[in-house]
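To start, the structure itself, in structure tokens.
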Amino acid sequence: MQIKAEEISKIIEEQIQSYEQRVEMSETGTVLYVGDGIARVHGVQNAMAMELLEFPGGLMGMVLNLEEDNVGVALLGDDTQIKEGDPVKRTGKIFSVPVGDAVMGRVLNPLGQPIDGLGPLDAKEFRPVELKAPGIIARKSVHEPMPTGIKAIDAMTPIGRGQRELVIGDRQTGKTAVCIDAILAQKNTDIHCFYVAIGQKKATVALVADTLRKYGAMEYTTIISATASEPAPLQFISAYSGCTMAEFYRNNGKHALIIYDDLSKQAVAYRQMSLLLRRPPGREAYPGDVFYLHSRLLERAAKVNDSLGAGSLTALPIIETQAGDVSAYIPTNVISITDGQVYLEPNLFNAGIRPAINVGLSVSRVGGAAQIKAMKQVAGTMRLDLAQYRELAAFAQFGSDLDKATKAKLDRGARLVELLKQPQYEPMPTEEQVASMYAATRGLMDDVAVADIRKFETAMLDYLRSGKADILNDIKTKKALDQDIENRLKAAIAEFKKGYQA
């Protein structure tokens, strides 16, 4: 085989032409101090706020403090392998998480990595965790109902799509239970649900995931978990990660519901980080921007106007109070940000009234516009009836002789309280709630013993479902009680009572 000189020179020429010099530029710094999930890094002069820095071993850190000679970094993971003098590299990326249908039905950590053992995520899109909330022009007032399946809430503190309704109460009063029921109630709707567990026990998160799987709700739910053993920066950022994933649906003309369980623990994690970053402490040692911490998160829940797709993101933040003190710093902050609150009380819980909702202190500031007409018709006077009942019950304890009208009000109130009790994991469809409340508020249950009210209600709804399903369907489709439906419902209940044996 003969090699020609011109061939060799041609090959060499091609090689020279295709030769490309690659220089990888990266700005690096050095760890000055590390501990408690916080690092101080010197030398990354051009780092941006919220930028990710890469530490040895692939650990990421998020820039929070930009100071004259160093930056304060929150480490998003275990800091035991990081030591003073370690090199740190700028990534030039802002902290982002995966979004889209790939996250549905998964359990993720705040970085968007799966922790459920079901394999990697097939995410096509990533979004930054810190995004601006929609402006005034982009919004529309809340007007569509988002039923929770809980009678006391849907009747008296209704929630609309795009609303922020706070669930507040002491520990062990059923706050998480109310929110899990709200997720279960979305089973046959178009709402995608997100549950953010902040600072919870791992066993609690596992129980929530098992419950959602058992009731077939996991297929439209994503759990973002930053448990109590995770570093404070992960607990702080988890709410924003979950919000970004949920916002994807809002921005694409769909509907989402997000539960933050709970924001008290997020505030504690943020306080820890801020103190370690040497930011000045304020009231209760929280930093001055703890209000902004929660307001910028909850303002991202919104009902978007029609030109932007008419999507919505509804938020149910949870706050844990200490001994019923709703006037503490964090509870008052979040109450002032949200559009109403559901207040759960230990005394009611211990008295067997579950869900333990205090009807007097619970309000929904915008949900009234979202409540369907049928519910307004049957439950309009309910709050007043219960308020009068509580007042009269306190008065009746003195054992004075009561006139007929007062006694009737007391009897009606006792039946309403009994009717509003509901077992866990059994959300009730709106049309069944309407039928049940109609019977109670129109006096059709006045001759049923208080102890038998729930038994009577169950039997009555079974009867309506099996024999008079057309009435329930009409309530569902018309969303109002016209004279015809009311007459048929009244007749059906009267017919049922004839054959009912308590």
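Note: Cβ is positioned from N, Cα and C throughout, glycine not excepted.
Here is what Swiss-Prot records for this protein:
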- Gly169, Asp170, Arg171, Gln172, Thr173, Gly174, Lys175, Thr176: ATP binding site (BINDING)
- Ser362: site 'Required for activity' (SITE)
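Here the features listed in Swiss-Prot are placed on the structure.
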| residue | record | DSSP class |
| --- | --- | --- |
| Gly169 | ATP binding site | strand |
| Gly174 | ATP binding site | coil |
| Ser362 | site 'Required for activity' | coil |
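Those same-chain residues not listed among Gly169, Asp170, Arg171, Gln172, Thr173, Gly174, Lys175, Thr176 yet with C-beta within 8 angstroms of the centroid of the ATP site C-beta atoms are Glu320, Leu344, Pro346, Phe349, Ala356. Neighbour density for Arg171 (ATP binding site): within 10 A of its CB lie 11 other CB atoms from the protein chains shown.
Spacing of Asp170 (ATP binding site) relative to Ser362 (site 'Required for activity') is 14 Å (Cα to Cα, whole number).
Around Lys175 (ATP binding site), the same-chain residues six or more apart in sequence whose CB sits under 8 Å from its CB are Val167, Ile168, Gly169, Asp261, Asp262, Ile318, Glu320, Leu344, listed in sequence order. Sequence-distant neighbours of Thr173 (ATP binding site) (same chain, 6+ residues apart, CB-CB distance under 8 A): Leu344, Glu345, Pro346, Phe349, Ala356. In this structure the C-alpha atoms belonging to Ser362 (site 'Required for activity') and Arg171 (ATP binding site) are separated by 17 Å. For Ser362 (site 'Required for activity'), other Cβ atoms within 10 Å of its Cβ number 22. Neighbour density at the Cβ, taken as the number of other Cβ atoms within 10 Å, is lowest among the binding-site residues Gln172, Thr176 for Gln172.
Neighbour counts of Cβ atoms within 10 Å were taken for the binding-site residues Gly169, Gly174; the minimum is at Gly174. Neighbour density for Asp170 (ATP binding site): within 10 A of its CB lie 18 other CB atoms from the protein chains shown.
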